[in-house]
Each structure stands twice: as C-alpha cells, then as structure tokens.
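Straight from TrEMBL, the features:
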type   : residues : note
COILED : 64-126   : coiled coil
DOMAIN : 90-127   : domain 'Regulator of chromosome segregation-like C-terminal'
REGION : 140-163  : region 'Disordered'
Amino acid sequence: MKSFKKASEELKITKQTLTAWIEDLNESHNIIWKNKTRYLDELLINKIKEYKNIEIENESKDNLKNESYAFNEKEELLEKLKEENNLLVKQLSIKDNQIKDLTRLLDQQQQLTISDKNEKEELKKELKIIVNQIDYMDEVNNTRNPGENEQNDKSNYQYREYQDSPSTKKGFWRKLFNI
C-alpha cells in the first residue's frame, strides 16, 4: 500500500492526473483513507500502470498518425513552394530579358541622339561657312562695283545692324523682368 503522493511520484504524474485516471477506471471506491491521507493498494496501482501503458500506446499511435499527416502536409507545402519558386525564377528570367532589351534600346536611342546632335552641329558649321562665303562674295562684288550695289548694301547693313543691336527702349514689363 502506497500513499497517494508516492504513487503519483512513482508514476511521474500529478495528483490531479492520478485522481482523473482513477475516476476513468471507476476505481475511486478502492482509495483507502487513513488519518486524512489517501492510500492506494498495489492492485489499483497495477491497474493504473496498465491503463497508463494503454494510454501511452494509443497516444503514440495518434502521434504517429498526426506526425505522418503533418509530414504529408509539409511535403505538399514543400511541393507548392517549389512550384512557386520555379514560377518566380521564370518571371525573374523574363524580367531580366526585358531589362536587357530595354537597356539595349536605350543605348541605341542615346547613340542616335548623339549622332543627330553631331549632325546638327556639322550642319550649323556648314551653314556658317556658306553664310561667310556669301558675305565674302558680296564684299568682293561691292569692291569691284562700288557704285551699283552701294545703296543696296547700305540698307542690308543698316538692317543687320538694327537687328543685332539690343533694343534701347524697354517697356515696363521688360524692365521689370529684365528681358
């Protein structure tokens, strides 16, 4: 015969669990009370040990089922994650190709812009040369025939002079905004 406390320590369970197991076995009438202390006989302790072993076996079977179910869930989740990962890798590959194409197009656009700018500068230089040649030809013609083109040249000269000179009269808004 063992005290309730010693039996619970031997079974490595709490007193409340021991009480619950005894009630589950309908053996509460086999508890012996002496001087406000509960005692259990060896027969009841053996029944509890058997009950505990059955309980542990059932729990282990349930645990195995739960573990296999959890394992299957984890495998399914892993497969889904792999599929999702593959999809994301494909999308990244597509995006990389798009970025390469856009970079190539941007590079081409910049090269075209530079070539257009260079061409524009060349045309400006050529135009300046042509204008200078025309001015030179006009001067040469004026020096050969001073009488004929004098009046015509003076009007052109005055027009150019007027065009190049800044406006001496400024209106109110031009003065205000320094235009």
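Placed from the backbone N, Cα and C atoms, the Cβ positions cover glycine too.
Any TrEMBL annotation is an automated prediction that lacks curation.
Keep in mind the model is a prediction, meaning the values are calculated, not measured.
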Mean pLDDT for the coiled coil (64-126), rounded to an integer? 92
Secondary structure content of the domain 'Regulator of chromosome segregation-like C-terminal' (90-127), with strand meaning DSSP E or B: 38 helix, 0 strand, 0 coil
